[in-house]
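According to TrEMBL:
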type     : residues : note
TRANSMEM : 12-31    : transmembrane segment
DOMAIN   : 76-267   : domain 'ABC transmembrane type-1'
TRANSMEM : 80-102   : transmembrane segment
TRANSMEM : 114-135  : transmembrane segment
TRANSMEM : 147-167  : transmembrane segment
TRANSMEM : 188-211  : transmembrane segment
TRANSMEM : 246-267  : transmembrane segment
Amino acid sequence: MKHSRPFKALQYTFGILVAFFTLAPYLWLFISSISLRKDLTKVPLKWIPEHVTFSRYVDIFTNEGNEMAYTFKIAMGNTLFVGITVMLISIVVGSLAAYSIARYQFPFRNSITYVFLFSYMIPPVVIVIPLYLLLSELGMLDLKWTLVLLDLTFVIPYVVWVMQSYFRSFSKELEEAAMIDGASRLQILWKVVVPIVRPGLLATGVLSFLLTWEEFFFSLLFTSSLESKTISVAIAEFSGKNAVDYGMIATGGILATLPPLIIVAMFQKQLVSSMTAGGVKE
């Protein structure tokens, strides 16, 4: 059925409004990052600054004496390490668990699936006190690997829940044919199953990385030194005791969003196709 012109106009108007309210904060963040400090404290604030400067971006990458720039670079490296490590471990462990749930028959199989979902839904604040006491006793506070373990507690359940739907989305005939040819279960998984669900693995890996990248709560509570601090906590601590450099905070925010934006742009097709592939049985 063809839609009338007023309906299409309403659709476009709604889309423009959604895009504006989505991009406006990011646009203001960029404007703040290139504005002079005095312009950011003027009342009323202006969308278009009178003077533009990119000195903060230059300082972050070139000025070794700038404490904020040094902190940003170290924290960015820590976040990349934690994000990539969590992504790789969660994809391997979560995919194997999801494949077992999808293909093997064992007691309480469906219950275990919902346990994974339930564990993903538990608010971190509920378990933070016992976690802190336990990690303190084990001497594992303020370590990057501790953040990796903590992030895996909510990323792996997400991977298991998503990937088991992909493994169930295609029939077992290809696996049975490979088994008749003498292939082992691991060979079937690697040579038959993985190529079929590769778009799902890629999309789930990207989303796992993004979940880890935006994590703030655990990083704030379980890290204190620069050696293990992540980018979200570092930017939050850019505010000084006596003054706040809103321009530097905005610059850090812009740069911190670039890796996720680049990754999403690179794998946009896989992400979109993966949203429907898992629900279609081949």
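Positions of Cβ are set from backbone N, Cα and C atoms, glycine also.
With respect to Cβ pairs under 8 Å, the transmembrane segment (80-102) is most closely packed against 147-167, considering the stretches 12-31, 114-135, 147-167, 188-211. The highest tally of CB pairs under 8 A with the transmembrane segment (246-267), across 12-31, 114-135, 147-167, is held by 12-31. Same-chain neighbours of the transmembrane segment (147-167): 82, 85-87, 89-91, 93-95, 97-99, 101-103, 113, 116-117, 119-120, 124, 131, 193, 197, 200-201, 204, 207-208, 211-212, 215, 218-219, 222-223, 228, 230, 277-279, counting only residues six or more beyond its ends whose CB sits under 8 Å from a CB of the stretch.
Sequence-distant contacts of the transmembrane segment (114-135), counting only residues of its own chain at least 6 positions beyond either end whose CB sits under 8 Å from a CB of the stretch, comprise 97, 141, 146, 150, 153-154, 156-158, 160-161, 217-218, 221-222.
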